[in-house]
């Protein structure tokens, strides 16, 4: 890609969500969303493959529809209340439309169908950007309008996303699709708590971003796309495989790892708000996600490949050492003891 085009794309990709976060007017927020959407499209289509082009079209149509609904809801709110401020959503219809639009933007169930297909058609780096950085702008809008959102509706979206993310990930063999359904399940936890404790949602997003980024970078370093190929990776980088298993268990939310922190605090907050049934359902639904994380861990670290393989054996070539993976893996695993400090910071 042309270096000038790359510079423009990366700058737009960074500035789009930042513009949305820092704006107070709906038109400026919408401009930031459109900027980030248009900036990621060339990165998805960069492969010049039919699957990449299909993913690009799906992503563009979905995000354009969501942006249209966001603009429509803000116009309805401005019509009835005379206010264009993001935090001044007073019309119930516009709040409901906005919730649906942001759910489409994020990939919350039942508007999740585009996310696994788009991730499957992109590279690991673009998939990492789509599941972390691109979620920042819609989540910031959800945070700013949290006091106007319908709590039962957000709880329903959260429970549905946790169920769909865990259930659909069980039978997957492609790592990018597994990470897509993992993202949907984690977004379900964020949607469940956003109207009750926005600060806790922010902490959940931070820990999710760290763990997901670490996982994607590890998969990229191992140069694998399927679970079946993961069996040969233990002989290439044994230490990295051990860290990958711990990162997967952290994503699943097992104590005493980092991923346990947000799940524990969310269940505690739901219990405080007299919602023990929802807290129990969320804890049970996380077992579905745990199963496919355990499945990847089993294939990666415990299973040895047979002597006669049906696919081409990978060479044990010397891989480039990625020094940034060490601190990222450490953060993905060891943040539970400093939970009080994290709560103070957020």
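Cβ coordinates come from backbone N, Cα and C, glycine included.
Automatic prediction, not curation, is the source of TrEMBL annotations.
Features of the protein shown, as given by TrEMBL:
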- 23-288: domain 'NADH:quinone oxidoreductase/Mrp antiporter transmembrane' (DOMAIN)
- 57-79: transmembrane segment (TRANSMEM)
- 91-115: transmembrane segment (TRANSMEM)
- 152-170: transmembrane segment (TRANSMEM)
- 177-194: transmembrane segment (TRANSMEM)
- 200-219: transmembrane segment (TRANSMEM)
- 239-257: transmembrane segment (TRANSMEM)
- 277-294: transmembrane segment (TRANSMEM)
- 290-342: domain 'NADH dehydrogenase subunit 2 C-terminal' (DOMAIN)
- 324-345: transmembrane segment (TRANSMEM)
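Beyond the transmembrane segment (200-219), the same-chain residues lying 6 or more positions past its ends with a Cβ under 8 Å from any Cβ of the stretch are 124-125, 127-128, 131-132, 135-136, 139, 142-143, 175, 179, 182-183, 186, 189-190, 193-194, 240, 243-244, 247-248, 250-251, 258-259, 261-262, 265-266, 269, 322, 324-325, 328-329, 331-332, 335, 342-343, 346. Of the candidate ranges 57-79, 152-170, 177-194, 277-294, 324-345, 324-345 has the most C-beta pairs within less than 8 angstroms of the transmembrane segment (239-257). Within its own chain, the transmembrane segment (152-170) has Cβ neighbours under 8 Å at 96, 99, 103, 108-110, 112, 116, 177-178, 181-195, 275, 278, 281-282, 285-289, 291-292, counting only residues six or more beyond its boundaries.
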